[in-house]
Amino acid sequence: MSMERGLRTGAVEIGTSLAFALAGAAAIWDSRRIGAGWGAEGPQSGTFPFWIGLFLVAASIGTLVQAVRAREESGLFVTWDQLRLVASVLVPTTIFVAAIPITGIYLASAALVAWFMHRLGGFGWGRSVAAGLATALVTFLVFEIWFLVALPKGPIETALGY
Amino acid sequence: MEEFGLLMQGFAVALEPQNMLLMLVGVVLGVLIGVLPGLGGANGIAILLPLTFAMPPVSAIIMLSCIYWGALFGGAITSILFNIPGEPWSVATTFDGYPMAQQGKAAEALTAAFTSSFVGAFVAIVMITFIAPVIAGFALRFGPPEFFAVMFLSFASFVGMSKGPALKTVCAMMLGFLLAAVGMDTVTGQLRMTFGSTEMIRGFDFLVAVIGLFGISEILCSIEDGLRFKGQRAKIDLKVVLRVWASLPRHWLLAMRSALIGCWMGITPAGATPASFMSYGVARRMSKNGASFGKGRIEGVIAPETAAHAAGTSALLPMLTLGVPGSPTAAVLLGGLIMWGLQPGPMLFTEQKDFVWGLIASMYLGNIAGLLVVLVAVPWFAAILRVPFSIIAAIILVVCAIGAFTVSNAEFDITLMLIFGVIGYVLKKLDYPLAPLVLALVLGDRTEEAFRQSLLISEGSLGVFFSNWLVSTIMAAGFALLLWPLISWLRGLLPGLPARRVRPA
C-alpha cells in the first residue's frame with residue numbers, strides 16, 4: 001500500500017454510475033412527456049430515446065452494484081498531487097474558454113500560452129508573452145487571412161478594423 | 001476485372017497535382033498529430049474537417065485519410081524513441097521498440113516499424129480493393145431492417161469483444177445514443193431532451209465531442225505524470241534501411257498473420273488497439289523464444305505495427321460499403337462524407353465511383369508517401385518532443401478550441417468541448433471505453449431512422465427484424481455477441497468452475 005492520499009476510485013465509480021443513471025432517467029422522463037408509443041405516423045419521437053434511457057439506467061445500476069461491492073479494495077483514482085497538476089491545466093483552460101466570448105480567441109490564446117509557459121514551464125515573462133503574441137499572430141494569419149475562417153474576435157480586433 | 005479499370009481511373013484522380021500535394025500535406029500533418037500527445041487521428045481529423053468544406057469531396061477525403069495514415073505511422077516514433085505511445089495502438093510497440101532503442105538499435109526498430117506498418121496497410125488495401133465492391137453490391141439489397149441489424153451487430157460486437165467490463169461499454173454506448181438524439185427530431189420536428197435550453201436545440205455535434213473526449217482529456221491524463229520527455233536519438237540512414245529490409249523477408253509469416261489479425265479486428269469494430277495487443281500476444285506465444293520478448297526483439301515491433309496499421313486501414317471497409325465505421329477515426333471520416341453531401345453506404349460505389357476509387361487509389365499512394373516521409377524525417381519529428389510540454393499543451397488546447405468553434409461557428413461549442421474533455425478524463429480513468437460512445441453518437445440518428453422505418457414497414461411489429469434469413473442471421477449473430485459476456489459471467493458463478501471472472505482494477 002502506498003502512503004499517498006487522494007480521491008478513491010470507488011467513490012468516483014459510484015458517482016459516475018449515478019450520473020449515468022440520472023442521464024438515463026432524464027431521457028425516460030422527457031421521452032414519456034413527448035410520447036414514447038405508437039402514434040399517427042409510426043413510432044413517436046420519444047420511442048427510441050425511451051428505450052435507450054431504460055438500457056442506460058439498467059446498465060448503470062449494474063455498474064453501481066459492482067462499484068459498491070468492490071469499494072473496499074479500490075485504489076486511488078487520483079492523488080492530491082496529481083489533482084493539483086490537473087487543476088493547474090484545467091483552471092487556466094476554463095478561464096480561457098470563459099474569456100473567449102469577451103476578449104476574442106486571439107487575446108485569450110496569447111494569454112493562455114504565456115501563462116502556461118511562465119507557470120508550468122518556468123520561462124521568464126518576457127519570452128512567455130512574446131511567444132503568446134506570436135501564437136496569436138500566426139493563428140490570425142492562418143485562419144483569417146489564409147483560410148478565410150472568422151474566429152471569435154474582441155474589442156482589440158474591432159479597434160484594428162476587423 | 002472491372003475493379004482494375006476503376007482502380008486505374010482512381011489513380012488518375014489521385015495523381016492530379018493538387019491531390020498529390022494534399023496527400024503530402026496530409027501525411028506530414030498526420031505524423032505530427034501522431035507524435036503529439038493529445039492530438040490523435042480522430043480528433044486531429046475532427047479539427048481539420050471544417051477547413052475542407054471548400055474543397056471537392058475527393059480532395060478532402062484524400063487529405064483527411066492521409067492524415068490518418070500519417071498518424072498511424074507517427075505513433076511508432078514516440079513509442080520507440082521516448083517510450084511514450086503517441087497513439088493507443090502503439091502501446092504494444094513500446095514493449096520491444098523502446099528496449100531496442102536503449103540498446104542503440106533505434107534506427108533498426110523504426111525502420112522495421114515503418115516497413116511493417118506499410119505492409120499491414122498494403123494487405124488491408126488490397127483486401128478493400130477486391131472485397132469492398134462485392135460487399136457493397138450485396139448490401140444494395142439491404143432494406144431498413146437489414147441496416148438496423150448491421151448496426152446492431154457492430155454495437156453488439158463492442159459489448160462482446162471489448163476487454164473492459166461489458167456494462168461500462170453499454171453505459172458509454174447508450175450515452176452516445178442519447179446525445180445523438182438531443183435536439184430536433186428530423187422525422188416529426190419535435191424537440192427532444194433540450195430541457196428548455198436554446199443551445200441544446202442544435203444537438204451535440206460529434207466533432208465537438210471527439211475533440212473534447214480525445215484531445216482535452218488526453219492533455220489532462222498526460223499532465224498527471226508531470227510529463228517530461230526523455231528520449232533516445234535516432235537518425236535513419238540508407239545503410240540501416242537496406243540492412244533491415246534485407247532481414248525482413250524472414251518474418252513474412254509473422255507479418256501475414258499479424259496483417260490478417262489486423263484486417264479482421266479492423267472490419268469488426270474492435271479497432272487497431274486490441275489488434276496490436278492481440279498480434280503481439282500471438283507472436284510471443286508462437287515464437288520459439290517467447291521469453292526474450294520485451295527485451296528488444298524485432299518481431300515484437302513487427303507484429304503490433306503490422307496489425308495496427310492493417311486494422312486502421314480496414315476500418316474503412318465497413319464505412320465505405322455499409323456506412324458503419326469500424327473505428328472512431330473512420331467515424332469522423334464518415335461524418336465528413338455526410339457534411340460534404342455524400343450519402344454513405346453501398347450506393348457510394350454506384351453513384352460516386354470517382355470518389356470511392358480515388359480514395360482507394362490514394363490509400364496505396366498515401367501509404368507509400370507516408371513510408372518515405374517518416375523514413376526521411378524521423379529526426380525532425382522526434383525533435384518536436386524536445387519542445388517543453390508547457391508550450392505544446394497550450395498550443396494544443398488553443399488548436400482544439402479553434403477546431404471546436406469552426407465546426408458550426410458557435411462559441412458555446414468551446415464550452416461543450418471542455419465539458420466533454422472532463423467527462424472523457426473521468427471515463428478514461430475508470431475504464432469506460434470511449435470508442436462506442438463516439439460511434440453511437442455518429443450513428444445514433446441513422447440507427448434510429450433504420451429502426452423507425454423498419455417498424456413502419458411492419459406496422460409496429462418487432463418481428464420485422466427476423467422476417468427473412470438475411471436479417472435473422474445478422475440479428476442472431478448480434479445477440480450471440482451481446483450475450484457472450486453474460487454467458488461467461490454465469491459460467492463463473494457455477495461452483496466447481498475456476499473460470500471466475502477477474503475484475504480489472
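For all residues, glycine too, the Cβ spot is worked out from N, Cα and C.
Per TrEMBL, the features are as follows:
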- B:20-49: transmembrane segment (TRANSMEM)
- B:20-439: domain 'DUF112' (DOMAIN)
- B:61-82: transmembrane segment (TRANSMEM)
- B:118-140: transmembrane segment (TRANSMEM)
- B:147-166: transmembrane segment (TRANSMEM)
- B:172-191: transmembrane segment (TRANSMEM)
- B:203-220: transmembrane segment (TRANSMEM)
- B:322-343: transmembrane segment (TRANSMEM)
- B:355-382: transmembrane segment (TRANSMEM)
- B:389-408: transmembrane segment (TRANSMEM)
- B:414-443: transmembrane segment (TRANSMEM)
- B:464-487: transmembrane segment (TRANSMEM)
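Looking just at the domain 'DUF112' (B:20-439), the mean pLDDT is 84. Tertiary neighbourhood of the transmembrane segment (B:322-343): same-chain residues 40-42, 45-46, 49, 52-53, 57, 60-61, 64-65, 68, 71, 135, 139, 147, 150-151, 154, 206-207, 210, 214, 266-269, 271-272, 311-312, 314-316, 351-352, 355, 434-435, 438-439, 442-443, 446, selected by CB-CB distance under 8 Å and a gap of 6+ residues from either end. Same-chain neighbours of the transmembrane segment (B:464-487): 141, 145-146, 148-150, 152-153, 155-157, 159-161, 166, 454-455, 457-458, counting only residues six or more beyond its ends whose CB sits under 8 Å from a CB of the stretch. Across B:118-140, B:203-220, B:389-408, B:414-443, the stretch most heavily in contact with the transmembrane segment (B:147-166), judged by Cβ pairs under 8 Å, is B:414-443. The recorded stretches the transmembrane segment (B:355-382) and the transmembrane segment (B:172-191) do not share 3+ CB pairs below 8 A when only pairs 6 or more apart in sequence are counted, and are therefore not in contact.
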